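**Q** Following this message is one structure expressed as structure tokens.
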Amino acid sequence: MQILADENIPLLDAFFGDIGTIRRMPGRAIKAADVTDADILLVRSVTRVDADLLSGSRVRFVGTATIGTDHIDESWLERNGIGFAAAPGSNADSVVEYVLSVLSVYAEERGIEDWTRLSVGIVGAGNVGGRLRQRLGKLGFSVRASDPPLADDGEDGLDDLDDVLTCDVITLHTPLTRTGDHATHHLLDRTRLATLNEQQLLINTSRGAVVDSEALRERMRQEAPPWLCLDVWEGEPETDPELAEAAWLMTPHIAGYSQEGKIQGTERIYQAVCRYFGLPVRKSSGQYMPEPPLSKLSFTASASTQEAARVAIRACYDVRCDDARFRSVLRRPVGEWSTGFDRLRQQYPIRREFDSVKIQLKSGAKDLQQVFKALGFKLKQK
Ligand SMILES: NC(=O)c1ccc[n+]([C@@H]2O[C@H](COP(=O)([O-])OP(=O)(O)OC[C@H]3O[C@@H](n4cnc5c(N)ncnc54)[C@H](O)[C@@H]3O)[C@@H](O)[C@H]2O)c1
Ligand SMILES: O=C(O)[C@H](O)[C@H](O)COP(=O)(O)O
């Protein structure tokens, strides 16, 4: 079988080497002429997969190693009998940990001693939002979440978007959808952005177009704008210079880029290909997960829970490093920004999730134990 794949999908040979001949291309460069002879197309979020790309090709299966599917015309694939799979949940923990890192830095910069005093509003309570809600709840944060599709399905405990927008921190975790009762395109529009103030932080790790960028630019120019943390950008890899200037933290769409997240993304589409073509599943992400550079952290009984949590979160992932790398690209001429955006993602440093690190504690340190468990670390008693 001929497999055409985005070169940024990790472990292509390891997972797909036995299944077919692999041809790699930069995802943004994949065009109709490239897919004509492919049986399987494997993409990430930067390749638009639709009739323009695939009609006339012999592609029988498309896999995207991502959670988001807004770049895929799924109904066209279905109408044309082409198999499809995404990678739901694969990098959800990575995004949750990105948000935890942002929260820890935000609390410190605002001089908030106890970060759990911040109320957090989650928009979209699926894999990412739901896991974030659980971890924050266990840590003792007051959390509100809005998710109308889940509410329609009878899920309790959800709030209206307008209530969620009154929280100290608002974090977006919806898919980008343009049709249906709960479409999210420009969900945060001019009216909703007008309700936010300088005591609030808005984090967007969903898709850039879930927020109306033009309205956001305007809001950031007005009195008392909210603090802003952007990982995703409407029109990326282009970066809006005014939003870049206004953002407190900014990163080039890497919230989901933990090593676990990326390898599990490949694993999910490998499993789907095997199912689709009736092949045995012989490989798993665990086989290929390298040893983490940091494996253990040890705290004495004298560590305060706040400080210990801060140290451990940032030892694993400090969002300020990604912010600094991105800002260094944006100091170059504007014409180089979009290639810089892609280069940062392609050459992303190794980042491991919290549960790759064992936390060693003195027995009896009950508060610390609870906090680390809630954050998602593994515990080891001394
Ligand atoms: N920045 C990154 O690196 C990164 C990484 C992973 C995912 N994402 C984005 O985050 C999105 C969410 O990921 P997920 O794994 O939680 O997806 P998911 O499908 O598990 O959950 C999305 C949730 O949003 C809800 N939703 C839909 N419309 C809504 C609306 N109008 N208001 C509120 N909630 C709504 C859905 O009901 C669902 O529960 C993905 O679709 C993707 O676009 C970004
Ligand atoms: O939807 C997802 O899974 C994420 O947005 C993913 O991290 C995007 O990464 P990309 O495909 O752009 O490399």
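Placement of Cβ uses the backbone N, Cα and C atoms for every residue, glycine included.
Heads up, TrEMBL stuff is auto-annotated, nobody curated it.
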**Q** With Asp147, Thr174, Asp231 listed by TrEMBL as NAD(+)-binding, which of these, Gly256, Gly261, Gly265, is given for the same site?
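**A** So, going by the record in TrEMBL, that would be Gly256.
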**Q** Taking the Cβ of Asp147 (NAD(+) binding site) as centre, how many other Cβ atoms lie within 10 Å?
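**A** If we count other Cβ atoms within 10 Å of Asp147 (NAD(+) binding site), we arrive at 24.
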**Q** Please check each of the recorded positions Asp147, Thr174, Arg207, Asp231, Glu236 and report the ones with a CB atom less than 6 Å from an atom of ligand 2, ordered along the sequence.
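**A** Checking each Cβ against ligand 2, none of them comes under 6 Å.
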**Q** By CA-CA distance, flag whichever of Asp147, Thr174, Arg207 among the recorded positions is nearest to Ser45 (substrate binding site).
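**A** Nearest candidate: Arg207.
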**Q** Could you check the binding-site residues Thr66, Thr174 and say which one's CB has the fewest neighbouring CB atoms inside 10 Å?
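**A** Result for the binding-site residues Thr66, Thr174: minimum number of other Cβ atoms within 10 Å at Thr174.
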**Q** Write out how many residues of the domain 'Erythronate-4-phosphate dehydrogenase dimerisation' (288-376) are helix, how many strand and how many coil, based on DSSP.
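**A** So the domain 'Erythronate-4-phosphate dehydrogenase dimerisation' (288-376) is made up of 51 helix, 8 strand, 30 coil.
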